[in-house]
Structure formats: structure tokens, C-alpha cells
């Protein structure tokens, strides 16, 4: 050795080896200044192993339940028998009939846009047709749910939920096509977008086809555009994992005894089932490329951040078709945000009160209470305190609203028998 410890190089014969100083630290010097991984100051964020552990525990804990049900009852759902029963007496399935009828409104929007594209009807006439069509999409299903006595609350929620989604989709459809006509009339560049996916690109009015319309209807998005980003292929393994999750999560949820599991835990399970498993399954099947259905809402330090990130499809729709148009018309931000919460409160109440056939406005008031709560949390709380406030609103707010509806429904339907 021609050099001593602590220097950078050691000469051995005719070769020079580059060695770090830490390689010569004494055995007793094994500590450095560092934080624990679970500490927020460490900056560590890879918890994939813990997530995998949760999945393994869920599978193992429900495998016994699944096997017992198969052995005891067998396979209870026969798709062929379900279809045959529906064809034999379709009126005993009012929710299914109501969902099928929604095609009338879809085709009405498509044919109205076709007439507008070729100029056989004026812009004002087309606007009147769209307003009538969209208004009917809210009135017709709600009237059917209220009038038809055989409609169950579950069927009512399902059918009204689908009609609400279609309402938002068709509003975006007519809005986007109107923008295309305005661009075409201004002799500007056609509204097209380029993606490196190899799919054929269309420009207005070449998009006004049944294929394009129904792709948008089934795509996991509420915002229409002429060319969606597309994934290059369908990944079978990814598709099977999402399908397994879609089956597993309801099994887990059904195994929980009512009122013995926190309401927000059931909500979290539903969130994972719908926004991750189901929407990714549909997106993979349709090769829909935009998979941002949610962001890290669990880290929300403000109520506004939570509502902007837990449901990205609705947030994008509100931003594109409601909030920004109001700002362009000169409405200030606070009033525009309040209007967004007001619209959201209406649809929350619409999806609860109509299927239950009682009007109590608990969902409406709960949503509107988010406005002062958002102001308070954003002004006085931040960091972990703000995040704790968001979680408290989820843990306490939702169960209170659910209990209010359960109480009123029980009193109306069963109170006289007790």
C-alpha cells in the first residue's frame, strides 16, 4: 500500500483501484443520520408490498366463504335462464326495460347532430331539440320509477344512475359537436388530435356515426372528443385481474354484517371496485387509453382537493362544460364553485330520493354543507390537520346521511306495524 486510509486511491502493484472512503470505515461506525421509513420526513412512498398483503388477506379470508357457498348452493346465476325469463315477461323487469329505452335518447342526440351538420335544421332548432331530449332524460325515468309499483329501490338507483351518466355524456356530445361547427364555420383548422396508437383519426362531421356514438356511451368517460387516446392492445392478464377483483369485492362486501362495519369502509370498498376494478376493466376491453379515474384524494388537505380528485370523470366534465364556461361569462370563482356544488347536490338527491320515493333533502343539504366546510378547512387548517378534517367528514358525514334515510324509510314503510 502506497497510500493511507481516508484517501481516494490505493496503488497495488501497477493497478490503481478507485475506492470510496466509506469502504474503510471501522466496523463500529455503522450509523448515519436518517429517518425511519414510515416517518413522513423520510420521503418514502413505496407501499406496494403492504397493498399486496391486503389483497392476499382478502383472498384468503374469503376463500372459505366462497367454497362453502359453492358446495352448499352451487352456481345460482344462470345467464341463459335470466335472459329467457326477461324475454318471457319483460314488464316484470321495469329497470331493465327502462335502461333499454335509453337508446331512444341516444339516437335522438345523434340524428339531431347529423341534421345540424348538413344544415337541414337551424342552430336554434337543434338547441331546442337537445334541450327537450336532455330534459326528458331526467323527467321520464324519474316519473317511471315513481309510478311503476314493481320498481325496487335498487332497480331505481341503477336505472337513474345510468340515465344520469347518459345525460352528462350527451350534454358533452352536443357541446363538443357545437364547438366543431363553430370552428368549421370560422374556417379554422379542423378539430383533430394526433396519437401514436395507430388508430384511424376522424374529423367533424365524420364522427357522427353509430359506432362512434356507442363507443362513447360505453367508454369510461363523461367528456366527448373526436379521437380518444387508445391503448395498442388488450392485455388479457390485466383484464382477468380486474374481472377477478370485480367479483371478489362484492363477495367481501356481502359477507359483512350490516351496522357492524364502518360505513366509510364499505364506501372505500365500493370506490376500489368501481373506480379501479370496473372502470379499468371497461377501459381495457375498449382499449381506452386515459386511465386517470382518480388521483390521490386520500392525501387531501382541503375539501376542494378531495372533490376534485376522487372522481376524475365527473370533475373533468364539471370543469369543461360547467365551471369554465361560467368563468368565461364573467362569474367569479366562488359563485362558480358554489354552482358546481349545487348541481352535484341536486343529482345526489335525485339518485336517492326518487328511488326511495321520499323527499327529505338530506343528501342535498349534505352536499351544500361542503361549501362552508371547504372554506373553513382551507382557511384555518392545513397539512395533516386539513387531511384529518377531510377524513372526519367522510367518516361522520356519510353515515349520518345514510342513517337519516334509513330511519325515514323505515318509519314510512314499517312504522305502523311496530
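Glycine is treated like the rest: Cβ placed from N, Cα and C.
The transmembrane segment annotation in TrEMBL covers 50-71 (among others).
Residues or ranges marked as transmembrane segment by TrEMBL: 91-112 (among others). For the transmembrane segment (91-112), the residues of the chain that approach it from at least six positions outside its boundaries are 121, 126, 129-130, 133, 136-137, 141, 144-145, 148, 150-152, 155-156, 158-159, 162-163, 166, 170, 173-174, 208, 210, 213-214, 217, judged by C-beta separation under 8 angstroms.
Residues 94, 98, 102, 105, 108-109, 112-113, 115-116, 156, 159-160, 163-164, 166-167, 170-171, 174, 350, 354-355, 357 of the same chain lie 6 or more positions beyond the ends of the transmembrane segment (124-148) yet place their CB under 8 Å from a CB of it. Positions annotated as transmembrane segment by TrEMBL: 124-148 (among others).
Positions annotated as transmembrane segment by TrEMBL: 154-171 (among others). Non-local neighbours of the transmembrane segment (154-171) in the same chain are 94-95, 98-99, 102, 105-106, 109, 130, 133-134, 137-138, 141-142, 144-145, 216-217, 222, 224, 314, 317, 321, 347, 350-352, 354-356; each lies 6+ residues outside the stretch with a CB under 8 Å from one of its CB atoms.
Residues or ranges marked as transmembrane segment in TrEMBL: 265-283 (among others).
Proximity of distant same-chain residues to the transmembrane segment (334-352), defined by a Cβ-Cβ separation under 8 Å and at least 6 residues beyond the stretch ends, is recorded for 138, 142, 157, 160-161, 164, 304, 314, 318, 322-323, 326-327, 359, 361-368, 370-371, 405. The transmembrane segment annotation in TrEMBL covers 334-352 (among others).
Taken from TrEMBL, the feature active site covers 348. Other Cβ atoms within 10 Å of the Cβ of residue 348 (active site), summed over all protein chains shown, number 17.
The transmembrane segment annotation in TrEMBL covers 359-377 (among others). Note on the transmembrane segment (359-377): residues 302-304, 307, 337-338, 341-342, 344-346, 348-349, 351-353, 386, 389-390, 393, 397, 400-401, 404-405, 408 of its chain, located 6 or more positions outside it, place their CB under 8 angstroms from a CB of the stretch.
TrEMBL lists 389-406 (among others) with the feature transmembrane segment.
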